[in-house]
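Asks: To start, I am sharing the structure in question, which I have written as structure tokens.
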Amino acid sequence: MSVLRIVFDENLVGVQETLEGIAECHAMPGRDIHQANLIDADALLVRSVTRVGAEMVAGTALRFVGTATAGYEHIDQQALAANAIAFSAAPGCNAVAVADYVLAAVVAVADFWERLAAGGSLGIVGYGHVGRRVQGMFAALGVRVLVHDPWLPEGEVPASASLDEVLSADVITLHTSLHDRSPWPSCGLLSQECLSRISADSLLINASRGEVIDQNALLAACENGTAPTLVLDVWYGEPSVSAQLLNHCALGSAHIAGYSQDAKWRGTQHILGAMARSCDLNLSGRLQHLPTLPVSLGSGASLADALRTLVSQVYDIREDDRLLREVVAQPDAAKGFDALRKQYRVRRELGAVLLQDDAGNAAVTALGGMLTQLQYGDGP
Ligand SMILES: NC(=O)C1=CN([C@@H]2O[C@H](COP(=O)(O)OP(=O)(O)OC[C@H]3O[C@@H](n4cnc5c(N)ncnc54)[C@H](O)[C@@H]3O)[C@@H](O)[C@H]2O)C=CC1
Ligand SMILES: O=C(O)C(=O)[C@H](O)COP(=O)(O)O
């Protein structure tokens with residue numbers, strides 16, 4: 001049997017290590033992968049920046065395409081099916097990393113955590129893999145959570161709420177997939193009219209896709225002082241970032257909410273497993289998890305202090321904000337945005353944390369309960 005030939009985005013973590021000696025692997029910058037690079041390839045493994053459409057796969061030997069990401073709007077699944085090419089995304093692989101991002105934002109910006117702890121509410125738009133993790137995390141911390149996801153039967157959504165109710169929450173966080181399907185498209189969901197219903201006292205977090213918010217309407221709200229406090233990880237028209245909008249953000253980052261090492265590793269392992277099944281490759285003993293992360297919180301702290309200590313030991317969101325502002329101030333900001341993502345530091349996630357402290361401490365017990373919501377078990 002001939003050796004499997006694989007072309008993959010160089011930003012994928014763990015492909016070479018996992019396939020050492022059993023496949024021929026060729027790494028490329030994701031934005032530079034074209035049809036000509038795939039003529040003899042059996043499998044293509046990408047992240048979100050490679051658009052895979054009909055022209056890309058026509059006339060190639062491809063049998064499998066995988067994207068090690070949750071979102072897969074960059075893949076034309078019909079074109080793959082028409083060419084008998086199997087497909088896998090990595091649903092949920094980075095959901096805990098995004099939940100970490102949301103928690104880090106809430107504890108970092110002004111007194112939003114204190115407001116939630118004092119009976120305020122967190123509104124979630126989109127109850128998929130990420131929305132569920134965010135809901136589980138904040139509910140375990142005792143926060144009142146409202147969820148809006150009209151695509152799901154109401155019984156499946158805890159504290160199901162209308163979009164209006166969710167937009168009235170103290171903290172609103174967006175986790176919808178990007179699409180334009182009726183009757184509830186998400187592209188442009190936060191229109192001028194929806195934005196006008198959000199209080200300027202609220203916090204709005206977007207770690208879904210930039211296109212979920214009408215950026216011009218948001219900019220106008222920022223300019224006239226009616227916009228909520230903003231934490232944005234995703235931008236309209238990436239890799240470009242509106243410097244004007246970033247100036248209005250409490251925190252901005254370069255689409256890295258899901259960039260924990262655990263998530264990248266898990267995403268790769270997920271699509272390698274799917275590829276192995278499609279291409280009849282034996283990966284037994286090669287797919288592995290990352291080790292746990294021991295963390296000590298000390299004793300006697302309040303829940304707020306313990307939470308801030310925990311988050312600070314795992315993920316520094318302010319560093320991501322600093323890095324983005326630095327690249328956006330440079331002449332070729334779009335290139336800098338991509339470079340930032342490519343060279344992203346190794347960051348672990350809360351789901352990997354193993355608390356070293358005595359669970360007799362009430363804060364440690366509460367945080368331990370939250371952390372169990374974030375564990376993955378065997379699959380993503
Ligand atoms: N910033 C980052 O690094 C990351 C961003 N993402 C993005 O976050 C989003 C959510 O990811 P997942 O939870 O993994 O996706 P998912 O597909 O599991 O869940 C998306 C949810 O959005 C819901 N939805 C669709 N249209 C809606 C609407 N109009 N209103 C309310 N809810 C709606 C769907 O019913 C579904 O439950 C995706 O856009 C994904 O691409 C995901 C991971 C990392
Ligand atoms: O999984 C998703 O959806 C995401 O947004 C990813 O975090 C995007 O990461 P890249 O594929 O752009 O590296």
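Placement of Cβ uses the backbone N, Cα and C atoms for every residue, glycine included.
As the structure is a computational prediction, the values presented were derived from the model and not from experiment.
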Asks: Taking TrEMBL at its word that THR69, TYR259 bind substrate, choose the one of SER48, SER240, SER278, SER284 listed for that site.
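Replies: Among the candidates, TrEMBL records only SER48 at this substrate site.
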Asks: Can you pick which of THR176, THR292, THR309 TrEMBL lists for the same NAD(+) site as ASP149, ALA207, SER208, ARG209, ASP233, GLY258?
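Replies: Of the residues offered, the record points to THR176.
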Asks: Measuring Cα to Cα, how many angstrom lie between THR69 (substrate binding site) and GLY258 (NAD(+) binding site)?
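Replies: One finds 9 Å between the Cα atoms of these residues.
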Asks: So which recorded positions out of ALA207, ASP233, GLU238 are up against ligand 1, CB under 6 A?
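Replies: If the test is a Cβ under 6 Å from any atom of ligand 1, the answer is ALA207, ASP233.
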Asks: Under DSSP, is ASP233 (NAD(+) binding site) helix, strand or coil?
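Replies: Assignment for ASP233 (NAD(+) binding site) reads coil.
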Asks: Within the domain 'D-isomer specific 2-hydroxyacid dehydrogenase catalytic' (35-258), what mean pLDDT does the predicted structure show?
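Replies: Mean pLDDT for the domain 'D-isomer specific 2-hydroxyacid dehydrogenase catalytic' (35-258): 97.
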Asks: Taking the Cβ of ALA207 (NAD(+) binding site) as the centre, count every other Cβ atom within 10 Å, in any protein chain shown.
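Replies: That number is 25.
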Asks: Can you figure out which of SER48, GLU238, HIS255, TYR259 (the recorded positions) comes closest in space to ALA207 (NAD(+) binding site), comparing Cα atoms?
Replies: HIS255
Asks: Cβ within 8 Å of the substrate site centroid (SER48, THR69, TYR259 excluded): which residues?
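Replies: Counting only non-site residues, the set is ARG47, ALA68, ALA70, GLY71, ASN94, HIS255, GLY258, GLY267.
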